[in-house]
Amino acid sequence: MSQSRTFRIAPSILSADFARLGEEVRNVEAAGADLIHFDVMDNHYVPNLTIGPMVCQAIRPHVQIPIDVHLMVKPVDRIIPDFAKAGANYISFHPEATEHLDRSLQLIRDNGCKAGLAFNPGTSLHYLEHVMDKLDLILLMSVNPGFGGQSFIPHTLKKIAEVRKLIDASGRDILLQVDGGVKTDNIAEIAQAGADTFVAGSAIFGKPDYAGIIAGMRRELASVK
Ligand SMILES: O=C(CO)[C@@H](O)[C@H](O)COP(=O)(O)O
Ligand SMILES: [Fe+2]
């Protein structure tokens, strides 16, 4: 495993206090977050309903760091330009949610954003086969999508290692993001398997000391070879 990997921490605002969202994202940036993870759910692709481009646009002026939009919606194409206009930097979607994988990835890039593909715990990695050259991020879900606060599914570690090999073989600069059940006490193991970008919602938001938690995660990551 490369020792020069840059680790990124992406707090998921799904667990933030929505009544104080501007303050929450400012606080988490000040606490050392690298990305704001923005979970979009449509009550169709997943059984929950959250936030859309208007909320992305509303928080954009509150932070300097990139906004990483995780689309859990079906279909995806119509909403991609709206998020790009709203200030998203990364946009990821699930392959099952589009009829035309390559077209949707290209649409994200044509709208000036970095493109990501998101895999549920039970989704095959075969979708990667012909699109690696259009990817900036691969998101591996370590819980089934729809809710924060679930437990990390251990089988994901094997999948992370497989994707790490594919990314290294591609020679491309693709982030390997893990999303779901990431905590201070398992982040090192997840990094050891090959992840470099860590989404954490309930481990950070709602806790009294965001900076302390992010610093604790970075201490754990510092031990990873
Ligand atoms: O996309 C999702 C859930 O579908 C995630 O981004 C969760 O919001 C992560 O929450 P925790 O598991 O860290 O509480
Ligand atoms: Fe997410």
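In case you wondered, yes, glycine gets a Cβ from its N, Cα and C as well.
Where the annotation comes from TrEMBL, it is an automatic prediction and has not been curated.
Take the CB of Asp39 (active site, proton acceptor) and look out to 10 A: across all protein chains shown you find 24 other CB atoms. What TrEMBL records for Asp39 is active site, proton acceptor.
Other C-beta atoms found within 10 angstroms of the C-beta of Asp179 (active site, proton donor) number 27, with every protein chain shown included. If you look up TrEMBL, you'll see Asp179 marked as active site, proton donor.
Within the same chain, the residues at least 6 positions away from Gly146 (substrate binding site) whose Cβ sits under 8 Å from its Cβ are Met41, Val46, Pro47, Asn48, Met72, listed in sequence order. According to TrEMBL, the substrate binding site annotation covers Ser12, His70, Gly146, Phe147, Gly148, Gly149, Asp179, Gly180, Gly181, Gly201, Ser202.
Residues or ranges marked as divalent metal cation binding site in TrEMBL: His37, Asp39, His70, Asp179. In the three-state DSSP scheme, His37 (divalent metal cation binding site) falls into the strand class. Counting every protein chain shown, the Cβ of His37 (divalent metal cation binding site) has 26 other Cβ atoms within 10 Å.
Separating the Cα atoms of Gly181 (substrate binding site) and His37 (divalent metal cation binding site) is a whole-number distance of 14 Å. With the fewest other Cβ atoms inside 10 Å of its Cβ, the least crowded of the binding-site residues Ser12, Ser202 in this structure is Ser202. For ligand 2, the recorded positions lying close by, meaning a CB under 6 A from one of its atoms, are Asp39, Asp179; the full candidate list was Asp39, Asp179, Gly181, Ser202. Largest CA to CA distance in the substrate binding set (Ser12, His70, Gly146, Phe147, Gly148, Gly149, Asp179, Gly180, Gly181, Gly201, Ser202): 16 Å, whole number.
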